[in-house]
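Q: Below you will find the structure I want to go over with you.
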Amino acid sequence: WGMRWGQSDFCPGADNTHWAGSYMDLGAVTKHSASHAKPNGLILQYGTAGFRTKAEHLDHVMFRMGLLAVLRSKQTKSTIGVMVTASHNPEEDNGVKLVDPLGEMLAPSWEEHATCLANAEEQDIQRVLIDISKKEAVNLQQDAFVVIGRDTRPSSEKLSQSVIDGVTVLGGQFHDYGLLTTPQLHYMVYCRNTSGRYGKATTEGYYQKLSKAFLELTKQASCSGDEYRSLKVDCANGIGALKLREMEHYFSQGLSVQLFNDGTKGKLNHLCGADFVKSHQKPPQGMEMKSNERCCSFDGDADRIVYYYHDADGHFHLVDGDKIATLISSFLKELLLEIGESLNIGVVQTAYANGSSTRYLEEVMKVPVYCTKTGVKHLHHKAQEFDIGVYFEANGHGTALFSTTVEMKIKQLAEELEDKKRKAAKMLENVIDLFNQAAGDAISDMLVIEAILALKGLTVQQWDALYADLPNRQLKVKVADRRVISTTDAERQAVTPPGLQEAINDLVKKYKLSRAFVRPSGTEDVVRVYAEADSQENADSLAHEVSLAVFQLAGGIGERPQPCF
């Protein structure tokens, strides 16, 4: 058998348990597990966001994810992160997700292990642990190191203690960072696994790296002493408020931030935060907006950001992830032209990206756009294929990735080039440092956007006016079984049920500048419908007609979809 488990047929017998026991104290696992008992009949699925549900049902999951993080750490010989958060969910929920060695989301095969371990009955835990260790050829004698972070929910502290219990019972070492934004934990993991090459794995290191890059950039802005730049920030009553407060004095000479919904009185994510603003198309509660002021909202764990403003007539304008990606990629493209480097830059979107943004990027900016399935991991993965990959979901979650080759080349050019070219290369070097390449990060993205607006001398209205969004509508149709719908071409074409795609094609032909697609929800038995067209009226009626087609062809249940606009 040696030090690793071989590939021989595994059968859960006493020998295996006894053998594994010399490296894994299974007795201790069983003993501790009993004090983190699983509620009867509860089944959870590890999805894009990890596990999420009501906080009182999560104690056993936290303990078990501590165990799993140790195995993953031993297998990768790297530090693994565990983040306790439920992001933009209500305050009474909580959740947990694991962070892989380079700050990315957990590998898909380990998502399955997570689901399996979280749902195992008490008496099967030993077997499942041994099973995972065998399947993944985990060397149990390898040291393990796990870092833990948590958001500000009332339940988070106790739940992170359960994670620590799981880590220590399997002999793992750990560092508890306490309160962190989700992207900060991703950053810590990335730093620790690149021996500090990416940065210092402390909050101080994070604040200094980003602020230094931001101040270097904004120094270049042709600021004719016009206006001291200020921004209103809705922190969703979450962790973003605490961390932005800690950080603001580092960058205050370049930007003044006014914090709202900072957690002192309101409830997390309640009537505020990026998710609320994006879905309700209105400002958060508790923020006074004057016309044409720049405002933005973070979500509950500060990994999403959207901007917005009131125009002179008091109309609300949302500047979402699509416009953020457009601003960033246009700026990067201009810098590359200035430097004279032809690097391949790509923008990655999902089918939900507004058609106008795609058209603007491809036709005006001449930047190639790629479409992937919904879900951050698909976008992140695709963005890694380019020298420079920019991805944002319309909801405001995104970042930019730079290949190691590009980073080295730009550093070199910033030394070698002359005058204007050198200045552009220096700027790009700072932009690279300002992005959190491990994950979408509201604080980092905010500073990138603020720097670009200052450098280009753009107001929020001018930014918003780069292109006009096509009117669109999203609807949900209840079905008996969402699995009857399958899609291809990054979810833009329905393969089954037969006849559905043909029906959609015929409906789309009736309207100008129109498109529509349907996809099964990842979490409930509904089919999501998206439609856009040249006017709101047409987008609404196309969405309604498509949902009728779904209802008829995909086994709709309950009442037929009504035109509700």
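A Cβ is built for glycine as well, from the same backbone N, Cα and C atoms used for every other residue.
Whatever TrEMBL says is automated annotation, not expert-curated.
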Q: Looking at the candidate ranges 147-178, 243-274, 403-434, 467-498, report the one that TrEMBL labels coiled coil.
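A: Per TrEMBL, the stretch marked coiled coil is 403-434.
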Q: The domain 'Alpha-D-phosphohexomutase alpha/beta/alpha' (74-116) vs the domain 'Alpha-D-phosphohexomutase C-terminal' (495-547): three or more C-beta pairs under 8 Å (separation of 6 or more)?
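A: These two segments do not touch.
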Q: Taking just the CA atoms, what is the gap between Asp303 (Mg(2+) binding site) and Glu393 (substrate binding site) in Å?
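A: Cα-Cα distance, Asp303 (Mg(2+) binding site) to Glu393 (substrate binding site): 12 Å.
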Q: Suppose the Mg(2+) site is Ser87, Asp299, Asp301, Asp303. Which further residues of the same chain have a Cβ inside 8 angstroms of that site's Cβ centroid?
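A: Not counting the recorded site residues, we get Thr85, His88, Thr181, Thr182, Gly238, Phe298, Gly300, Ala302, Arg304, His397, Ala442.
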Q: With pairs 6 or more apart in sequence, are the domain 'Alpha-D-phosphohexomutase alpha/beta/alpha' (141-190) and the domain 'Phosphoacetylglucosamine mutase AMG1' (320-457) linked by at least 3 Cβ pairs under 8 Å?
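A: Yes, the stretches contact each other.
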Q: Please name which of the recorded positions listed here, Ser87, Asp299, Asp301, is nearest in space to Asn395 (substrate binding site), Cα against Cα.
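A: In terms of Cα distance, Asn395 (substrate binding site) lies closest to Asp299.
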